[in-house]
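J.: Below are the features I grabbed from Swiss-Prot:
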type	residues	note
BINDING	GLY15, PRO16, ALA17, ALA18, SER19, GLY20, LYS21, GLY22, THR23	ATP binding site
Amino acid sequence: MKSFVVAPFIVAIDGPAASGKGTLARRIATHYGMPHLDTGLTYRAVAKALLDKGLSLDDEALATDAALSLDLLAMDKAVLSAHAIGEAASKVAVMPAVRRALVEAQRHFANALPSSVLDGRDIGTVVCPDAAIKLFVTASPEVRARRRFDEVLARGDTADFAEILADLKKRDERDMNRTDSPLRPAEDAHLLDTSEMSIEAAFLAAKKLIDHALAQHRG
């Protein structure tokens, strides 16, 4: 009798900053009972490891060592969400060796499980190009800036909307034009523009696509 291995069911969610992909990914993971990995946190975790040891953020060898020793299950989203860590992460994220190490770790996470949800910038194009379902979540820069602005105010911090909008546009430019793994939808990704959608509406739209993919996956 022939034996066969069923490929893992991977939900790949990509999109620019503050598009709502993280919120959507967590909602999907909770609904389907799937493990979730926010791959953006892996770059932040590398940056924090360097900052904690007082090491240079410009040394690719040191950053790569930090990436290779990273424990994906020990990442604390609340701690890693600090603005200073995000700024530092943008420096290590452009290093090819760091990206290779983290992509390998992210890929291993996805392939070692029966099912999972991963969100980031290059899941459907680089990390898991064979994912069962790919979503590219986007929204206008103004809407994304407003969401980020409201998040900051909700934390009790002060924020400047114009500054947040300018920062998002600059980040989009950097993400879309970088040489290594530029931000772009996979050819077979489903586009989900959340500019005028509630979280619930976005989830229901995604759920319909995922349910269809699950049915096909199970044969």
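Think of each number as a place in line: the chain as shown, counted from 1.
Cβ coordinates are placed from backbone N, Cα and C, and glycine is handled just like the others.
Quantities reported herein were computed from a predicted structural model and do not represent experimental measurements.
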J.: Other than GLY15, PRO16, ALA17, ALA18, SER19, GLY20, LYS21, GLY22, THR23, which residues of the chain come within 8 Å of the ATP site, judged by Cβ distance to the Cβ centroid of those residues?
T.: LEU24, ASP119, VAL137, THR138, ALA139, ARG144, THR194
J.: Taking the Cβ of each of the binding-site residues and counting other Cβ atoms inside 10 Å, which one has the highest number: SER19, THR23?
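T.: Per the Cβ count, the most surrounded site is SER19.
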J.: Around LYS21 (ATP binding site), how many other CB atoms lie within 10 A of its CB?
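T.: Step by step: centre on the Cβ of LYS21 (ATP binding site), count other Cβ atoms within 10 Å, giving 27.
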J.: Tell me the Cβ neighbour count for ALA17 (ATP binding site), meaning other Cβ atoms within 10 Å of its Cβ, over all protein chains shown.
T.: 20
J.: Under 8 Å Cβ-Cβ from GLY15 (ATP binding site), six or more apart in the same chain: what's there?
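T.: The answer is LYS21, ASP119, ARG121, LEU135, PHE136, VAL137, THR138.
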